[in-house]
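Copied over from TrEMBL:
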DOMAIN    332-396  domain 'SAM'
DOMAIN    401-473  domain 'U-box'
REPEAT    50-91  repeat 'WD'
REPEAT    100-134  repeat 'WD'
REPEAT    146-167  repeat 'WD'
REPEAT    235-276  repeat 'WD'
REPEAT    277-311  repeat 'WD'
């Protein structure tokens, strides 16, 4: 189930793009601004909106650390912003000054990819703020791009309908005519899948276009084999051009937005439609899943961004998929941990973890110190990557094991001091107090609150206490 929990209506013109970091949501618009919101409260940050572009802002994205926000515009530039205070750190001018349509950070290297209407694409080094590499697609505008999970390759999509695969030296490795009337968006899942024919690990890529279709592809990035792209299937459901597509963090779902004003959520493995959302009143231009919480953002030419909460106990292909519960993870064997490492692109650590008898319980208890001192993993980057994956696992465990009614609708965390607001919903006191300090509307309905009075929900607090006690037995 997907529930509309909030609507952002701060932009004065079409919303072109939205992007999540682990703690923020950024949106950009034809109104020349970028707006940034806190995920914990959905309140706009004090330094927002970010102004500086002289024409429409087409795309925005966060760096892997979340410290940088990039935006690009019809004014022929990409801009870098500091997400801590909103300072504009740099203005990167596209060669030829063509309108910049899309931008993406590399997941591993300090690069920002910017693609423009004249087909030019540039890799910027965000440390030196200098141009690292440049290239150009043939016969069309650059409309879409996505990096491989290791950052060594990237895919671009053009208005001519081509998907092109490049390496980090800006060499064109492969080209495929994918959508007859033009590619509008593409995304690559960070979770590998096995190919039964040869046993290699492929990544799934989604592309969408003016032909009303979403296509799924299997893409292999391997230095020793080169690049392979295999068509998998086509997802139908939209009755008009599809403008946006994105994978969920776990790769199990794909969301799309269309000129038909609808948002469709599909199950990746079967292509089945899970939800069709039709609350936008004009073209849906962008959609994005949050990385570490069950949230989805969709933006539209109706000037709004809808925030949806997803039920992670969704029924997939007739079976209830509940991402591993806390008990299940704690009961993982060493082989289960090995399988998890492989799924997280951490297969190099299987031997080390087995040698140290890391089972599910030990996995959940790993810390920065134990990785460095006990497992002797010297690389800070690798330690951080492992910890990030473990934290994702912990957050998934928490999000699906705690009864939904015990979670604060604002923070999505277990409530400690629940209170009832005049909209009839219960919230964590501190979160709700912070919310009403800046606005007088309900977080759940977006309607005005009749009063700001908060009443302790003692019955709910007792129920949470009893549930916590049961978990400790």
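Cβ atoms are placed via backbone N, Cα and C, with glycine included.
DSSP places the residues of the repeat 'WD' (235-276) in helix, strand and coil in these numbers: 0 helix, 22 strand, 20 coil. Within the chain, the repeat 'WD' (50-91) has long-range Cβ neighbours (under 8 A, six or more residues past its boundaries) at 13, 16-24, 26-36, 97-105, 107-108, 112, 114, 116, 124, 126, 129. Helix, strand and coil counts under DSSP for the repeat 'WD' (50-91) come to 0 helix, 24 strand, 18 coil. Sequence-distant contacts of the repeat 'WD' (277-311) (same chain, at least 6 residues past either end, Cβ-Cβ under 8 Å): 1-9, 11-22, 25, 27, 29, 39, 42, 243-249, 253, 255-259, 261-265, 391-392, 395, 399, 404, 409, 412.
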